[in-house]
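What follows is a single structure, written as structure tokens, with notes after it.
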2 protein chains.
Amino acid sequence: MTSKIGFIGLGIMGRPMALNLKKAGHALWVHGRRAATMAPLVEAGATSCASPKEVAQNADIVFICVSDTPDVEQVILGENGLVHGVRPGSAVVDMSTISPTATRTFAAALKARGADMLDAPVSGGEVGAINATLSIMVGGGPAAFARARPYFEAMGKNIVHVGDHGAGQVAKACNQVVVAVTIEAVSEALTFARRNGVDPAKVREALMGGFAGSKILEVHGKRMLDRDFRPGFKARLHQKDLKIVIDAAHQLGLAMPGAALVAQHLNALMGSGDGELDSAAIVKVIERMSGAEK
Amino acid sequence: MTSKIGFIGLGIMGRPMALNLKKAGHALWVHGRRAATMAPLVEAGATSCASPKEVAQNADIVFICVSDTPDVEQVILGENGLVHGVRPGSAVVDMSTISPTATRTFAAALKARGADMLDAPVSGGEVGAINATLSIMVGGGPAAFARARPYFEAMGKNIVHVGDHGAGQVAKACNQVVVAVTIEAVSEALTFARRNGVDPAKVREALMGGFAGSKILEVHGKRMLDRDFRPGFKARLHQKDLKIVIDAAHQLGLAMPGAALVAQHLNALMGSGDGELDSAAIVKVIERMSGAEK
């Protein structure tokens, strides 16, 4: 069945995700802040729109994939934002990684216009977006989830309905905490090995497959050994994601000492001009700190 | 080929490891500080000895599996220790988890008596010891490694020759750092989910298989959700292992802020009388800290 789909935000992640929806045979209305980002979609048969409002006026379900909370706020609530064009009975699916609290506010504003919202942040990076193998963590009502599911299946693989509004963002926040703190763990371990005169590649080999085994030891551990810090996922964006977590923990009155520690190491990467590197570059902070950079 | 093997230390780990060597058809001389620990081995056909010295006088290769650095020191250098009975051309394999620096000292003392030493700490717990599926991380010379390899294969699966004397202990230290800091990561993430009113079981499900996926998320994450803190691996022993790391880092002048943080949380578990629980109980420290214990 052909659906009328909107897609706002056509960056590194959004572009291939929108293209996968187009490939699945849907009619597509798109908007990107920089007009040039719309060109590959228009070539593929999508219709370009001047604003989120115009997208909402044409589509039954609108996907958003932008960078941060203020960007989503602009897309939904701003001048010519979705709320000004959204039709009753339509749905808005935010696939950006943003604040769970702000997400609940946006859902309420859309509800007041008769539109359902889902938060559905993703994990898996550009490669996952291109290959439609993203993990998608979804918050919102069950009816909206059922409605959006076929579109999620055109973009990802591991699709989990975590809970109500904001729950997808909470799961993504947890994901970013686990990834960051595990990178810290591997960084300290491999630096400890090297400073003891032991081959860190041998140590990684000995640790894989046991209780210390993880996707991070496998992928990011390899990047550290190869000194290959091309992203992957940029430290700058990981810093932004951990700020969301630390801010939420502040509001909740919840101490997250490990996450807070690694957030500081991401700050250090930004300060040393390494924000565009993969967040595996946390190992450089650990090395530098004790004068041991390779 | 039947070999003359010694085994010293017949606790939770040592007993099944020694039994697996016996099953492989070797002649076995054993010693345990508590005489009762020798009974199951004697039943299986091993010869009990009054001291490490007596073991050394009978065996061509002697395995040690005790708790901590001072225990190994006592076994090797103490009154009636191995050095007093060890025969030139024999080998001593220490499978305990102890200090890499002390290991090098013990290797030198044995070398002076014409005996080779390997450090070969293990990972995989009691279940791995019973099923002969331990990971074994080995330090020492290549000839000694080749000689010991068939016996390692009777006790474990992933057997890696990491480097020279102490390298096995360094790898094990790295293993314990990665495990501890990853437990911290999962503890903070699942507590964050719960405090946000989101089902932590759903979050774990959403995170498995992605970049946040790890053996710890799988096994220890499950223990946290089930509130099942039966060991597994006791917090008390994990605390001991991280002390080895923190002491070595102190000697090296290497900052390991993540490992140091989690060492504090293991201290807290000891203080609250939870040292006999599995180290997944770190989640209780995170919860208590902010008044959120389940």
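Placement of Cβ uses the backbone N, Cα and C atoms for every residue, glycine included.
TrEMBL labels come from automatic prediction, so no person has curated them.
Annotated in TrEMBL:
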ACT_SITE  B:Lys172  active site
DOMAIN    B:4-163  domain '6-phosphogluconate dehydrogenase NADP-binding'
DOMAIN    B:166-286  domain '3-hydroxyisobutyrate dehydrogenase-like NAD-binding'
Coarse DSSP state, helix versus strand versus coil, of B:Lys172 (active site): helix
For the domain '3-hydroxyisobutyrate dehydrogenase-like NAD-binding' (B:166-286), the mean pLDDT of the predicted model: 97
Tally of residues which DSSP labels helix, strand or coil - the domain '3-hydroxyisobutyrate dehydrogenase-like NAD-binding' (B:166-286): 90 helix, 3 strand, 28 coil
